[in-house]
């Protein structure tokens, strides 16, 4: 099978896939944006955002991508140093067929809190690559990469979704580095997980407690696999060297037939959705419990111990397709969903429905377009992020909902619970990931085909800790430095 020319297929129900690069459309996208409403244009908003970067952020790195990446994930931390830590980052390149689609392993220098100078972090060129992000390895992927997820017990093992029924498993350290040129054969996945009857493009999760993989697809099914028997004992000890997938066959350059790799059949297939399954998530405390959302507007909770039918099916969880779901790692009663109705909803699994339809505890309404991704903070149990087609990545704290906000800290138009808005992307934010090794540090990626005609933007950022720390603590610190600031300001400037 030759390297396929990439006719970029559109999803019927969601604006998830980028269009191929097309210079003719470059202007129309911006004009459309401006006409859509009397709001400031994307460029105006962006200029305003960039001027505030030194105030709002502790650190920010902007990295221009030649090809869009539909996913971005943190990998293992490699090295700790005085001022920065080195960490793996997983990305992809979704190309137009002139070069192959790839899974990219990058090394990222994560600058530590309170190290970067405020004036430096906003001095970046949008067209440039960041000095903090360096490509380390390229895997030639059979088809475009729609989603990347790492195994929490060992983030050197990565699962990917493409436009096919299979889930591909990669031991990224053992895979050879490839040169992505036209006609190059695909890299061979270490494992292929089979079981879907139709394409499974987005819904993908890896279990925090066991080496289990979960997927959903166009066949309306949720499929569960165990890869326990295929990974060596070193896989669960992050320090383990060498290959961590048992050597049934040699990874590396295949003859372009993905089916040559060892395949694994499902542990269970779960039926209950009436349309495409768009996202799945494991319960953080149990490999047997998981949930899924789909284009049927349903949220479904499953338990592998009690069979393949839904434990609870929440009809009309939103008023439109559901795109994303996440289960709170600190409180496994709380589940977040994001939808094409532009909202994020929070459900309590002890009380999911009322009169047969979804009954969320809260509705978070701060986006102006479809929500594409939601994720709880690994650090603070009440905090989560949501990203959307409006180009915004919102950070919320549900504990702030309903609390009296003193000193007009929140503008009247700001939705309850919203306490930070990352507006550094100029097009839809297709994925983001909190950094478990460095709390409050987030990597986010936008697909810029509508605003600039192609490519994407990767940003790694950390808001100022003055924004999220307890108010009394922040005021005490500011008081402490007040005299110092006053003294500096009153000094005559040297010419």
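Just so it is clear, glycine is given a Cβ too, placed from its N, Cα and C backbone atoms.
Just so you know, TrEMBL annotations never went through curation; they're auto-generated.
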Which range of 175-204, 205-234, 235-264 is region 'Disordered' in TrEMBL? It is 235-264
Of 1-43, 44-86, which span is tagged region 'Disordered' by TrEMBL? 1-43
Apart from its near flanks, which chain residues at least 6 from the ends of the repeat 'WD' (364-399) lie with a Cβ under 8 angstroms of it? 14-16, 42, 320, 323-331, 336-346, 414-423, 425-436, 439-440, 442, 444, 446, 463, 468
Per the Cβ filter (under 8 Å) with a sequence gap of at least 6 from its ends, the repeat 'WD' (315-348) is approached by 13-14, 208, 275, 278-286, 291-295, 297-299, 356-365, 367-376, 378, 381, 384, 386, 388, 390, 396, 398
Other parts of the chain folded back onto the repeat 'WD' (270-312), taken as Cβ under 8 Å at six or more residues beyond its ends: 13-14, 200, 202-210, 212, 214-218, 220-224, 318-329, 332, 335, 337, 339, 347, 349, 352-353, 358
